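Taken verbatim from TrEMBL:
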ACT_SITE  Tyr59  active site, proton donor
BINDING   His121  substrate binding site
DOMAIN    31-304  domain 'NADP-dependent oxidoreductase'
SITE      Lys88  site 'Lowers pKa of active site Tyr'
Amino acid sequence: MAGAILAFHVGRSGSQRHLVVEIVKAALYNNKIPASKILESTKIAIDIGFRHIDSAYVYKNEKEVGEAIRSKITGGVVKREDIFLTTKLWSTFHRPELVRVGLERSLKSFQLDYVDLYLIHYPISIKPSEEIYTKDENGKILFETVDLCAIWEAMEKCKDAGLAKSIGVSNFNRRQLEMILNKPGLKHRPVCNQVECHPYLNQSKLMDFCKSQDIVLVAYAALGSQRPTNWVDKNAPFLLNDPVLGGMAKKHNRSPAQIALRYQVQRGVVALAQTYEQKEMKENIQVFEFQLPSEDMEVLDGLNRNFRYFPVNIAAEHPNYPYSDDY
């Protein structure tokens with residue numbers, strides 16, 4: 001399940017704006033992409049100027065990402081402190097005594113001493129095993145319920161131990177975020193919440209709540225989805241073919257992808273866009289070269305239909321399933 005996400009930090013008037021570009025999630029969405037392609041794509045992205053690399057245990061790409069980073073450090077292209085490396089705690093490591101074990105496995109794959117950001121990938125827990133999805137004899141995933149606050153306390157210990165510079169969450173709703181924020185004895189607040197977010201699911205309510213709590217909203221699937229059949233309904237709408245998006249792209253002499261990414265940048269959302277092609281990486285960086293007028297932003301807001309490409313319906317009955325709430 002290979003995947004890497006890289007963010008380019010562009011300074012404007014003393015501030016930094018973040019564009020995060022997802023290189024690939026091979027086995028998770030498409031098992032035909034070889035590890036060598038992921039390694040090479042990550043190297044190219046660093047050469048282009050991307051500095052934020054987002055990985056995950058479940059993508060099974062940490063070895064390649066780590067190798068790419070280390071090669072660029074050895075080659076003098078970057079220093080370790082130039083790279084902002086993110087990875088995620090998988091659901092089979094939710095039990096408090098396993099949280100650090102999960103992070104240490106990732107660090108061993110990276111062959112690095114620490115990550116800059118460690119996220120709880122999902123609030124949904126799976127019984128521990130050496131498999132990604134622990135299953136019974138009938139092939140049914142064996143879920144379990146672990147207290148989110150207990151997981152968070154173990155995450156805090158990882159930060160205190162210097163294994164992660166910052167900690168955050170992914171796919172959490174407001175109620176789940178409030179559980180963490182209101183936890184007695186909270187030592188470290190989550191710095192971000194990474195969620196599916198695009199014009200068809202603009203997450204405006206969750207975005208406003210996160211901003212009120214000084215939590216950065218990170219948007220994965222910012223360009224919609226390439227609709228992998230094992231994860232996404234084949235009849236799901238293709239965002240980049242939306243006529244409104246296309247018309248706006250033509251008006252500004254940009255691509256639909258650039259419009260969708262610029263939309264997030266102007267909302268103050270860190271955007272993730274799936275690509276592992278050098279041409280697309282360079283094109284995506286160009287979102288900092290133009291601005292959408294307020295009337296265009298309002299039109300894009302109007303595309304919202306609360307549509308999820310990744311509803312994770314298989315876990316819909318889990319007590320910590322995050323998408324049953326309004327936001």
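Here the Cβ of each residue, glycine as well, is placed from N, Cα and C on the backbone.
With a 10 A radius on its CB, Lys88 (site 'Lowers pKa of active site Tyr') counts 26 other CB atoms from all the protein chains.
When Cβ atoms from all protein chains are considered, those within 10 Å of His121 (substrate binding site) total 22, not counting its own. DSSP assigns Tyr59 (active site, proton donor) to a helical segment in the three-state reduction. Under DSSP, Lys88 (site 'Lowers pKa of active site Tyr') is assigned to a strand (E or B) in the three-state scheme. Taking the domain 'NADP-dependent oxidoreductase' (31-304) as a whole, pLDDT averages 93 in the prediction. The residue listed as 'active site, proton donor' sits 10 Å from Lys88 (site 'Lowers pKa of active site Tyr'), taking the CA atoms of both as reference points. For the pair Lys88 (site 'Lowers pKa of active site Tyr') and the residue listed as 'substrate binding site', the C-alpha distance works out to 5 angstrom.
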